[in-house]
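J.: Could you have a look at this structure, given as structure tokens, before my questions?
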Amino acid sequence: MDVEKLNLDNIISRLLEVRGSKPGKNVQLTESEIKGLCQKSREIFLSQPILLELEAPLKICGDVHGQYYDLLRLFEYGGFPPESNYLFLGDYVDRGKQSLETICLLLAYKIKYPENFFLLRGNHECASINRIYGFYDECKRRYNIKLWKTFTDCFNCLPVAAIIDEKIFCCHGGLSPDLQSMEQIRRIMRPTDVPDQGLLCDLLWSDPDKDVTGWGENDRGVSFTFGPEVVAKFLHKHDLDLICRAHQVVEDGYEFFAKRQLVTLFSAPNYCGEFDNAGSMMTVDETLMCSFQILKPADKKKYPYGAGGVGSNRPVTPPRNAPAAQPKKGAKK
């Protein structure tokens, strides 16, 4: 399909048609429509900086992981675009049952509102990861492997960090021992895969750890953990107020670290149908005051989200030091 002929409004309205339906109902766009979404959004990502400079007010969301009906709930709470400006912190695909609907709606909104709707890259927007954790299988089952490769080309062009009003630094994972200047992020060339070490890897993979002084080993086997004083030094050096990141399940959907100098956001409630966590969205107003909207874990009988679906036999990325968000009894880790 010629990208210029992409009927965006029609695509968005079909994706939104399932609002109010029983969760799990699929929306089957045509292959050429999805290809068009990937190609057009890729052009937009490349036309915008890899380190976005954004202005408040806006709403920030953490991991969604293919939980499409929860994404719709987020928009119902926060206002469907263009009613509010949005920044998503990555991890759109894998684990949940409807990665395709999730990523297609997000890409469609990016194309429709390029200056008001922003998507960062998460560690799952990477071929070697989403090959394993569900997205590849969903593409293969519902379309074909070629389409999965088209998504890979798109994901390789996503921006990796954002700064809001020169005060709030946002990325998917966290800080890097290699990060001395913002210019280093700006110099990362796209398209690019995510390497298994170095600055880009750390921005997408690292985690805060209250028990670490400086930098520590990461249980994920990738990147590092960083302690509270690393956060304080980074903020002071770059004249920032807050780091906002995602990447870890937290029980209340948001969790502060290092005297409220860092916040973790997670926007997939009942993650994988195995956790009892809430999801949340952070609203940043014009004065940079931050508040949280909470998506409570849905009633299981009413909303059988992830239970037993795609990903039910896949290991969940373990939350670090978050005993409150452990799986329910009998759930697979």
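Glycine residues also receive a Cβ, built from the backbone N, Cα and C atoms like all the rest.
Feature table excerpt (Swiss-Prot):
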- Asp63, Asp91, Asn123, His172, His247: Mn(2+) 2 binding site (BINDING)
- Asp63, His65, Asp91: Mn(2+) 1 binding site (BINDING)
- His124: active site, proton donor (ACT_SITE)
- 306-333: region 'Disordered' (REGION)
- 322-333: compositional bias 'Low complexity' (COMPBIAS)
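Quick one: how deep are these features, and who are their neighbours?
T.: Counting only residues at least six positions away in the same chain, the Cβ atoms of Leu89, Gly90, Asp91, Leu120, Arg121, Gly122, Asn123, Val160, Leu203, Leu204, Arg245, Ala246, His247 sit under 8 Å from the Cβ of His172 (Mn(2+) 2 binding site).
Cβ neighbours within 10 Å of His65 (Mn(2+) 1 binding site), excluding its own Cβ and spanning all shown chains: 32.
In the three-state DSSP scheme, His124 (active site, proton donor) falls into the coil class. Counting every protein chain shown, the Cβ of His124 (active site, proton donor) has 27 other Cβ atoms within 10 Å.
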J.: As a test of the contact definition, list every same-chain residue at least 6 positions from Asp63 (Mn(2+) 2 binding site) whose Cβ is closer than 8 Å to its Cβ.
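T.: Spatial neighbours, sequence-distant, of Asp63 (Mn(2+) 2 binding site): Leu89, Gly90, Asp91, Gly122, Ala246, His247, Phe266, Ser267, Ala268, Tyr271.
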J.: Within 10 Å of the Cβ of Asp91 (Mn(2+) 2 binding site), how many other Cβ atoms can be counted across all chains shown?
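T.: For Asp91 (Mn(2+) 2 binding site), the 10 Å Cβ neighbour count is 29.
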J.: Calculate the distance in Å between the alpha carbons (Cα) of His65 (Mn(2+) 1 binding site) and His124 (active site, proton donor), and round it to a whole number.
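T.: With the alpha carbons as reference points, the distance is 9 Å.
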